[in-house]
Amino acid sequence: MINKDIITGVILTGAGAWFAWEAQSFPTMGGMTYGPGLFPTIAGLGLVLCGVMILVTGLMQPAVEEAPAETGPKSNWPLINALAIIASVVFFALGLDPLGFHVVAFPVLLVLLLLFRIIWWKALLLAVFVTFLVHFIFYSFLHVPLPWGLLEPIAW
Amino acid sequence: MLSDVLLTVLAPSNLIIIAAATFYGCFVGAVPGLTATMAVALLVPFTFFLDPIPAISAIVATTTTAIFAGDISGTLLRIPGTPASAAYVDDAHALSQAGKARTSLFVSLITAAIGGVIGVIILMLVAPQLARIAISFSSFETFWLACLGLTCAIFVGGGTVPKSFASLCIGLAIACVGIDVAVGHPRYTFGTFDLLDGISFIPAMIGIFAFSEVLRNVQILDKPAETIIHATEKVGAAMKAALAVVFKYPKTVGGSSVLGTLVGALPGAGADIAAWISYALTRRFSKDPEKFGKGSLEGVAAGGSANNAAIGGAWTPALVFGIPGDSVTAIAIGVLLLKGLTPGPRIFVDQPELTSALFGSFLVANIMMVPVGILAILASTFILKVPRAVMAPVILLFSMVGAFAIAGTVTAIWIVLALGLMGYYMEKVGIPLAPAILGIVLGKIIEDNFMVSMIKAQGDLSAFFDRQYSMVLGIITLGLWGLLVLRSIREISRSKPQTEG
């Protein structure tokens, strides 16, 4: 088990270096050494510094064995559930404009509820109910222009 | 003027909004794993459509009750409903095992209301005075104040110095995205039109606090449900016992409230840290410290009043200087900015009725919390039975739609995802979130004021020490940086023996 600090240190150093490098191409303010690049450079170099310090302290510590909190076979469900959540957001963001709010929200809710082992008829009822609840609160009450997408012909 | 203020505060619409926010805060606070900050982040899309006063009232009422309601799951399940209840969760749970669940909860409720009111009174007294000084501040002082706020956040945020500082730099980096203030150059936008204005703050907060929470919650769905302790005490007797406790420890409650307000006012330290400090201090000066951790009502009273007092405290720097005291006030500042109000000393001069109405709403929220809190205590078993498996998808949908509602583009949903994953990872590897939040809010203020000052002084850095207040603030900030360097050296030398041993 590799120490978490080592990975974090590498990520921070890399991200900071890229951020500061990018900032060098920004123009400067007329006749001054300060410009739009100054603050990104400070933030980037700060990240590099912290990244290196976290990396070094991580290397100094011996690789700590993760405490075997869970006894028995390790379940894959936590990972699957988390990936399902991320996939839902991607699907929602990609589908919202072309497909419309109702067409993306209902399946996202239904699939997640079923995945989390809610009985099918309860999941179905909840998904319908929450979709319409959000429609009512945001679209009807707060006048947020939720896209209709495919359902445009029956928009009300 | 007073009658105007009363009319605004006590207007039926304002009262209804406060009442609704109180119920909402109670529910979110009581459900384990949902924090007060998350409650506020999800509330913002709604406040967006309200006037400033009801919007801020709703945020305050939600926070106040959510912090109290965190004690409900702490007492009955031994899982703090919000991090602010963690300090005394052992005491509260031990009390409920001894059959005194309701007494403990009523003590929490009464002390929370007292702490909240004391916090607001201090805010009312101190803020206008500070504003009088701050009105003479120029871009130099504002620059230093924001720097001081950031430094403070590293100091009190918890976590090691490199990790807190890394968090701050992440926040500053995020604040850099978008068109720059000095010459209008687009930075890190990758050609995306929606990013020219920068990363929208509210979607960012929804991501960091709501999405990451959902991600954490769905990973522990498998865990068997905790056993809820059923409260069987007589309500009247419990209420009497609770009042007796409050009268027995007036010094504890009063002292913790004042201390909580002060801690809350520090940028980066919120209700959770206020509760820990008050709890520890009360234990040290208590007549029976051995009871602490095993069911001390005095401990519950100390933490319960301190964490609610901290909410009022956090508003002091937020209203006077525009520097948030915790993540909730950071969101609230974002809301005020969206409504075209810039927090700062000017609003005390230009719109005194606005600040008075705010203070009034704070008081009403704290008072309204008592009856709603009693209902919540009686209905607690039902609130705690709502399964995570249902909560998670619903919160997810509200997060995405809420972000979309605020920004009006799908980019906001991508921001929720990206910053949510980032917040989740940071939490997992022990990088504190508070400095990053303050970095996002204050980064722009610091850069704006630095550039304006530099244009005024034509690039002469020594101008930052020319004015009286500016010099004092600058020296304090630099002094704190020196202390931080010392502390990080101590941390490194302390981590060495561990590797050998």
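Glycine is no exception: its Cβ is also placed from the backbone N, Cα and C atoms.
Just so you know, TrEMBL annotations never went through curation; they're auto-generated.
Note that the structure is a prediction, hence the values are computed from the model and not measured.
As written in TrEMBL, here are the features:
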type: DOMAIN; residues: B:15-438; note: domain 'DUF112'
type: TRANSMEM; residues: B:15-44; note: transmembrane segment
type: TRANSMEM; residues: B:105-127; note: transmembrane segment
type: TRANSMEM; residues: B:133-158; note: transmembrane segment
type: TRANSMEM; residues: B:165-183; note: transmembrane segment
type: TRANSMEM; residues: B:195-215; note: transmembrane segment
type: TRANSMEM; residues: B:258-279; note: transmembrane segment
type: TRANSMEM; residues: B:318-338; note: transmembrane segment
type: TRANSMEM; residues: B:358-384; note: transmembrane segment
type: TRANSMEM; residues: B:390-417; note: transmembrane segment
type: TRANSMEM; residues: B:429-446; note: transmembrane segment
type: TRANSMEM; residues: B:469-486; note: transmembrane segment
Query raised in the report: Between the stretches B:165-183, B:390-417, B:429-446, B:469-486, which wins on the count of C-beta pairs under 8 angstroms to the transmembrane segment (B:15-44)?
Result: B:390-417
Query - Whether the transmembrane segment (B:469-486) meets the transmembrane segment (B:133-158): three or more C-beta pairs under 8 angstroms - result: yes
Query raised in the report: Same-chain Cβ contacts of the transmembrane segment (B:133-158) under 8 Å, 6 or more residues past its ends?
Result: 164-165, 167-168, 266-269, 273, 317, 320-321, 323-324, 344-346, 348-349, 432, 434-435, 438-439, 442, 445-446, 448-450, 452-453, 456, 463-464, 466-467, 469-470, 473-474, 476-477, 480-481, 483-484
Query raised in the report: Against which stretches of its own chain does the transmembrane segment (B:165-183) lie, if we need a Cβ under 8 Å and a gap of at least six residues from its ends?
Result: 150, 153-154, 157, 159, 189, 195-199, 204, 419, 422, 426, 431-444, 447-448, 451, 455, 484
Query raised in the report: How about the transmembrane segment (B:105-127) and the transmembrane segment (B:258-279): do they have 3 or more C-beta pairs under 8 A, pairs 6 or more apart in sequence?
Result: yes
Requested in this report: Go through B:195-215, B:258-279, B:429-446 and flag the stretch with the largest number of C-beta pairs under 8 Å relative to the transmembrane segment (B:390-417).
Outcome: B:195-215
Query raised in the report: In the same chain, which residue numbers or ranges, 6 or more beyond the ends of the transmembrane segment (B:195-215), come under 8 angstroms Cβ to Cβ?
Result: 33-35, 37-38, 41-42, 44-45, 174-175, 177-179, 186, 188-189, 327, 330-331, 334-335, 338, 392, 395-396, 398-399, 402-403, 406-407, 411-413, 415-424, 427, 433, 436-437, 440-441, 444
Query raised in the report: Roughly where does the domain 'DUF112' (B:15-438) sit in mean pLDDT, to the nearest integer?
Result: 87
Query raised in the report: Which bits of the chain, at least 6 residues beyond where the transmembrane segment (B:318-338) starts or stops, bring a Cβ under 8 A of a Cβ in it?
Result: 36-37, 40-41, 44, 47-48, 52, 55-56, 59, 63, 123, 127, 130-131, 134, 142, 145-146, 149, 201-202, 205, 209, 264-271, 310-311, 344-345, 347-348, 355, 358, 406, 433-434, 437-438, 440-442, 445
